[in-house]
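> Under the heading compositional bias 'Low complexity', TrEMBL lists 199-211. Marked as region 'Disordered' by TrEMBL: 1-21, 199-225. The feature transmembrane segment is assigned by TrEMBL to 30-50, 62-81, 101-117, 137-156, 253-272, 292-313, 333-353, 374-395, 499-518, 530-550.
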């Protein structure tokens, strides 16, 4: 009997039947969401009110609320680790897509920096203990405990699909997520107030003098204005400046934790087809392997040049007007070159995908859905700032070099975000290497096909030898499947890896610049003069944190794209 070569598509296993305890899943989710919304609105009200002198909400009230939320969160996490997961059949499934190692590694890194920030903050408030409320010293200490407990919890439990204490777990996860968002909002408001004080001191703008949540560094060394707690020692000023520079890491830690908690919340009560789920991630990652090295080398060059430009900008921007103008020209010129290259590289990646025969992955994946939503949502912040800048430059009266650079920068920022999002989102939906189309027999029959008859493979002259096959599973049917992987080191795969690494390094430097204090939005007075300081400061302080988060989230997504290429 002749053996026929057939292409057999992989069929998804049937979805498991829902258990009776999952009948009210939407109701349980609704209850936890309502709890989170109410707590978040309360925290937002106190945090925003505590930032202004004219509102009778004190910073101690904000610290007290955040401390109470962190304590409650720590208690729930301990209950989860000591009681919930130890119940019989508590975690029958684990989502292999949730909490990848690079995301948990980033969480640990940012958590360590947050702990250092808490040390600096404790030292700062302890410098004048006799005139400060005890809650200001207690808050960073409780936050340190919170960071340690939560980091351990997310490291060991990020992949859990919990099936006991469903409603309690959903509410606990949502409350923990809300706590992280409240900490993020407090840090963003604190940093924005700090920037407002700095701008007020350098420009003599009294309209920014109605904020008080962050300590004013310009008043730190004296009792001008009746400040009852002067920071008049060298060690105090070191602590103060240190914890402000560490705020970006605290902000990113809160956002990383929030994304992981949301995926855990989506996985509560989730039924998977198999205990292991669908995993496309390789067991190990070798950086720079199977690349042309052009992407990493060019990315590192731009990264180093960007650091030099950032240092020059920070040194010169606070000086005389001529040096500020030169610093802005240098800053905008570098960003224009970097954004232009990133746009072209993202476009080339999308073009390469037109020749890629890998199938699209349509499996349900809460992690990927969240990644796509965050990329699209966070980009809106930078879109808003760019469009406001475009209107100010085009409609405004100045027609000089700085205006032209500002306009070009804004247009390229919009284009770069758009094409990078298209590239990342398409990459995340592509199958892993070897997952080429199964429906029809392509011209190169040895790339990514699934065959039901292994003996028939040897009749193909172009097929590789048997070691190129994936060994069939011993638990599988008699007619076992074998997947023939695409040739290693294929040019498309190498190009995609180079593109991913180049974009990753560029996003890192574009995160560093605004996260550590580069504010050309205020140094360049076009928008300030056109909109007025109050309106422009509100636009930047609301939208820029989302733009900063976009860069770091893009780094995480691009690392996953690199692994899957």
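Each Cβ is built from the backbone N, Cα and C atoms, and glycine gets one as well.
Walk me through where these features lie, including what they touch and how far apart they are.
Sequence-distant contacts of the transmembrane segment (62-81), counting only residues of its own chain at least 6 positions beyond either end whose CB sits under 8 Å from a CB of the stretch, comprise 39, 42-43, 46-47, 50, 133, 135-136, 138-139, 142-143, 145-146, 149-150, 153, 156-157, 169, 172, 175-176, 178-179, 182-183, 186, 213.
Sequence-distant neighbours of the transmembrane segment (292-313) (same chain, 6+ residues past either end, Cβ-Cβ under 8 Å): 327-328, 330-331, 334, 337-338, 341, 345, 494-495, 497-506, 508-510, 512-513, 516, 518, 520.
Using a Cβ-Cβ cut-off under 8 Å and counting only residues 6 or more beyond its ends in the same chain, the transmembrane segment (374-395) has close neighbours at 259, 403, 406-407, 409-411, 413-414, 417-418, 421, 424-425, 521, 526-527, 530-531, 536, 539-540, 542-547, 549-550, 553-554, 557.
If you look at the transmembrane segment (499-518), the same-chain residues 6 or more away from its ends with a CB under 8 A from one of its CBs are 195, 245, 248, 251-252, 288, 291, 294-296, 298-300, 302-303, 306-307, 310, 313-314, 331, 335, 338, 341-342, 345-346, 348-349, 352, 420, 423, 427, 544, 547-548, 551-552, 554-555, 558-559, 561-562, 565.
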> Counting Cβ pairs closer than 8 Å, which of 101-117, 333-353, 530-550 has the most of them with the transmembrane segment (253-272)?
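Per the Cβ count, the answer is 101-117.
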> Excluding the flanking five residues on each side, which residues at least 6 beyond the ends of the transmembrane segment (530-550) place their CB within less than 8 Å of a CB in that stretch?
188, 192, 195-196, 199, 205, 207-208, 248, 251-252, 255, 374-375, 377-382, 384-385, 388, 391-392, 395-396, 417, 511, 514-515, 519, 521-522
